[in-house]
Each structure stands twice: as C-alpha cells, then as structure tokens.
Amino acid sequence: MAYQDALSIRELAQQHNALFGDSVALIASENVMSPLAREVMISDLESRYAEGLPHHRYYQGNNFVDLIEDKTNELLSKLFKTEQTDPRPISGTNANSAAIYALAKPGDLVAVPALSGGGHISAAEFGILGMRGVRTISYPYDKNTMTVDPDEASKIIKREKPKVCLFGQSVFMFPVPLKEMKGAFDEVGCKVWYDGAHVLGLIAGRKFQDPLREGADIVTGSTHKTFPGPQHGVILGNTDSETWKSVRRAVFPGVLSNHHLNAMAALGITAAEELEFGEKYASDIIDNAKALAGELYSLGFKVLAEERGFTESHTMAVDVTQNGGGKYVAETLEASGIILNKNLLPWDDNKKSQNPSGIRIGVQEVTRTGMGKSEMKEIASLIYRAIVKKEEPSKIKEEVKDLKSSFRHVKYCYGDVDAYEYIKLI
C-alpha cells in the first residue's frame, strides 16, 4: 500500500509536468532551468551538508563542495562586478531575512515600498520585517507605474531618517530611481538595500539597472525568476567590510545551517550561462514584455503605465476590473491553459487580496522556451478570446497546447532539453 502511495505521488508530479508542458506559463516569479543545472540538482550534493564558509567547515567530506562554492562565488563576482557575493541563502526571502538581521535591530525604522505599490510581503508588518520588530514607513509612489516618487521619497527619508532604505517589488516594471535619491541617503547615512529578486536576470544581462553602482549597499535576490536558475537565493554587496561581515554572520549561523548544496551548484552553472547568454536573454525578455503589453492594450485591456511604454522589465500589470476582476480572469485563463496570477493594484485595499482588480503577467519563461514577438501577439489574442469574447475554455486550451508544442525546449543555455520532461530513475 505504501508503495502504491509513493507511485501515486509520482503520478501527480508527472501530471504537474504535463500541465505546464501544455500551458503558457506567465507567472512573473517562475522559470525553467537549463539541462546542466537540472542535472546537478539530482547529484549526491542534494544529500550532503556544509556549514560555514569554504575551507573552514564544521563537517568533513566538503572538499569538492568548497571548490564548487569557490567557483560559484567567482562566477557571481564576474557577473555582478563585485567581490562581495554570498550564494548560501536558500531562497530570496531567506536572503531578505539575513539582510534585515544584519542591517537593523528591533525598533529601528526601515523605509519600504508600499504593499499596494507592488511591494513584497517580506517587507510588510506581517512579513520578515515585522517579525524582526522594526518599524516601517512607505515611500510615496506613482500609482500608474508603481514606481517610487524620488522627490517625495527623498523628503520622507530626510525627515524620518530611517536606518535602512529598502527598495524592490513583486510587481517590478521600472528601475528604482536610486541616483535621484542618493543625496537623501548620504544626508541621513542610511544603508540602502535593493531586493532584486524579480529583476536579477535583467541586472545580470545589463538591461535594467546596476543597483550596486547606483547607491545600493546590499542586493538580495532569488535565483529562479528572470535569473533562470534553481529555487535558491543570493546576496551581493558593495559596502564596508564590517557590514558585509554582519551579513555573512546573519546568513550562517543566523538564518540557515546547510545551504542546499545541489541548488548552490545549479546557481553557479546558471551564472556561467548568464555570462554567455544573459544579455541576449534579458533583451529578448524586455522586448517580449513590451510586445505583449502593447498587444493587450490594442485589444482594449487596461495595461498600466501606457505613457512609459508599459514596462521596462519582464512584468506588466493589467487592471481587469471591467473584465470581471482578477480572480475571475486568472481562473478563467487557467481553465484555458494560460497560467498567471491575480494581483492587488494601487487602488485596492489589502482586504481585496482574494479578488483584486488586477493580474500580473511575466514573460521570462515563455521567452526562455523560445517564444518571440509573434507568439506574444498570439497569446494576447488567446487572452482576449477567453476573457472578452468568452469563448469556451476547452477550445482555447487546445489551441494553447498546440502553440506550446513548438516551444518546450530551454534556450539561452548549454545543451538542449525538454523543459517539462519528467525524468524517471526507476
């Protein structure tokens, strides 16, 4: 019976792979790994432990782990042009946990992006910052672009004198105007922390902004969104040695013990691939995002930030109030084979999280599997037919499956593999 239970779980995992293999995946926080990265994820590294820093471990048997971590740090350093790299966090939120423990104490004031303006839940009072016991204050922002207003934010920074200024969003369409706020940072003497989880691959590809050269002391991020690696995290720095030591101590022994060695190795492989393919990949992501946003707008959808070209990242936000609301649209599209998520927009109360006004769309995964501008036009048409024309979801789903059949292989990497193939070992 237990064996049959195990097989039933495997069957569900196979069905999950098939679902995404036949769907257009537009979740802005997901991606698919390269063949080399996937391969190392099922290596013996998955079973092992390594506490501390390379060559100063608390466990034996880490000789090759140390070399892998050294190489990963070397590649990250080259990719992001900094000597301060830490590939140990096991997720973006784990990296954020280390950052807040290193940079602030309970009672300190931290300036953050508003949740209604696309801010991440880890910066909310019910997230990591709240659990750390810090006080928060939100930046004013442009409600149409969901971007911090640098002039008004500078006034607040100078007046309130936060210990830390945190930037970065989960609806991250435009670069943060860090340079415009540098005078306020310098006057107050705060640490500047940039959560680049969503745009890390665009930063690596030199197509978004360079936060470490624009005023950020610390950059945290997950490594599985526009940076197309494993579910893992990273911290980068351009700060003084004492602050960096505090960050590393916060990582271990502060917020983790073992750092998931297989994922760290996959991160290193992805960094190597980004050095070769990342610039083209980032450029194509942004081109596709602009194309899809423009097509949706031309079909009558209320895409935010029209006056700025809709987006400069992988993400766009769409107000679908007139189309039934975010919950209805997301569920209808899922039934039609198009997977994205409902999302709060600036004019929504947080209590509307179960049925907000908007949807969030990201194109990094469909770009990763080879889709281009012509496919963006086709996807926009499918969304229009499902939501506006209310065509039968099963009919749309078959067309989505047919479209996806030509775009299942991972690009911008070494090797060629079906991104959604289920790999059996027995």
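Each Cβ is built from the backbone N, Cα and C atoms, and glycine gets one as well.
Database features (Swiss-Prot):
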| type | residues | note |
| --- | --- | --- |
| BINDING | Leu115, Gly119, His120, Ile121 | (6S)-5,6,7,8-tetrahydrofolate binding site |
| MOD_RES | Lys225 | N6-(pyridoxal phosphate)lysine |
| SITE | His224 | site 'Plays an important role in substrate specificity' |
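Feature map: annotations from Swiss-Prot on the structure.
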| residue | record | DSSP (3 states) |
| --- | --- | --- |
| Leu115 | (6S)-5,6,7,8-tetrahydrofolate binding site | helix |
| His120 | (6S)-5,6,7,8-tetrahydrofolate binding site | coil |
| His224 | site 'Plays an important role in substrate specificity' | coil |
Could you measure between Lys225 (N6-(pyridoxal phosphate)lysine) and Gly119 ((6S)-5,6,7,8-tetrahydrofolate binding site) for me? Cα positions, answer in whole angstrom. 16
Determine, to the nearest whole angstrom, how far the Cα atom of Gly119 ((6S)-5,6,7,8-tetrahydrofolate binding site) is from the Cα atom of His224 (site 'Plays an important role in substrate specificity'). 19
Quick check for the class: what is the C-alpha distance, in angstrom and rounded, between Ile121 ((6S)-5,6,7,8-tetrahydrofolate binding site) and His224 (site 'Plays an important role in substrate specificity')? 18
What's the CA-CA gap between His224 (site 'Plays an important role in substrate specificity') and His120 ((6S)-5,6,7,8-tetrahydrofolate binding site) in angstrom, rounded? 16
With the cut-off set at 10 Å between Cβ atoms, which of these recorded positions ends up with the most neighbours? Options: His120, Lys225. Lys225
In all the protein chains shown, the tally of other Cβ atoms within 10 Å of the Cβ of His224 (site 'Plays an important role in substrate specificity') is 27
Lowest local Cβ density (other Cβ within 10 Å) among binding-site residues: Leu115, Ile121: Ile121
